[in-house]
Amino acid sequence: LGLKNQTYFTLQGFSHLATLQVFLFEGILLMFLITMTGNFLIILVATTDPALHTPMYYFLKNLALIEICFTLNIVPKMLVDLLLERKVISFSACALQLYFVIFFVTSECFLLGAMAYDRYVAICHPLHYTTTMNRRVCLHMVVACWIAGIPLSVGLTGWLFSYPFCGSKEIKHFFCDIAPVLDLVCSDTYLFELLVFIATVLIVLIPFVLIAASYIQIIHTILQMPSSEGRRKAFFTCIAHLVVVTLFYCTTGLIHLKPKSRLLVKSRKLVALSYTVVTPMLNPIIYSLRNKEVKHALRKTFGKRQFSK
């Protein structure tokens, strides 16, 4: 019986880990709260503190907003499903969730590239920084990053949900992503998979290569700094940034380069957890909350000493 007239799907979630449901709920809830708090604080201080009205924090503020929206699109539903025996999502809600997944992932991929370019100019070409990264340029870059996600999310979501679904209506995942929904399609999807592959190369792989190249140049410049203390601190900051960026891009690319790969079906949920739960939590910690400027801004905002060293 086809699923053309079905109004809902069921999500498999973590049903195969029945004994760990409570542990998973508590762990994911904790990470969710850290993610929301950390990213909200970044937006708050980057908006209210004039000292943080710089290109770097302008990009970080937008990254924090993307992380909040992306997390709210997936994690609350996941937490509710961990407490329910029957995990149901309507056809339209599934399509909407997939649309926002593609939209926010695409926007974040481009925004991380813009942030890497900002750091590259600041460290490798400091004399040209204020003219190269002026307010108008930063605004255009951020707007372009947000808009870039719209055509792809509309196109891929509309195309995928125009296919006939048949057989099982169970999505073997904890949210509606391209690969698990594609598994339910009962017609030829070669052209769709080809488009997903091309989009992944353009949106994930190419920006990641450019970011890696930027950070290599940044690290090379840092190693030539005269101050050993400043050199060491800047070096480890860049390495931390690169680790988080690599985790996000590699897991996203791994899932979407070949969405119907049978090799990834069993590990799909674990890989997806890293870019849906872990990296949104790490980004504010790695990029901002360790910075002296942010600690000082938080101290001014809340008047508490725990943000000091």
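Glycine residues also receive a Cβ, built from the backbone N, Cα and C atoms like all the rest.
Going by TrEMBL, these are the annotated features:
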type	residues	note
TRANSMEM	20-46	transmembrane segment
DOMAIN	38-287	domain 'G-protein coupled receptors family 1 profile'
TRANSMEM	58-76	transmembrane segment
TRANSMEM	96-117	transmembrane segment
TRANSMEM	137-161	transmembrane segment
TRANSMEM	190-213	transmembrane segment
TRANSMEM	234-257	transmembrane segment
TRANSMEM	269-289	transmembrane segment
### Query
Who are the chain neighbours of the transmembrane segment (269-289) in space, where the CB to CB distance is under 8 Å and they lie at least 6 residues beyond its ends?
14, 28, 31-32, 34-35, 38-39, 41-42, 57, 60, 63-64, 67, 70-71, 74-75, 105, 173-175, 177, 240-241, 243-244, 247-248, 251-252, 254-255, 295
#### Entry: Beyond the flanks of the transmembrane segment (96-117) by at least 6 residues, Cβ under 8 Å
56, 59-60, 62-63, 66-67, 69-70, 73-74, 77, 89, 141-142, 144-146, 148-150, 152-154, 156-157, 160-161, 175-178, 181, 203-204, 207, 210-211, 214-215, 245, 248-249, 252, 275
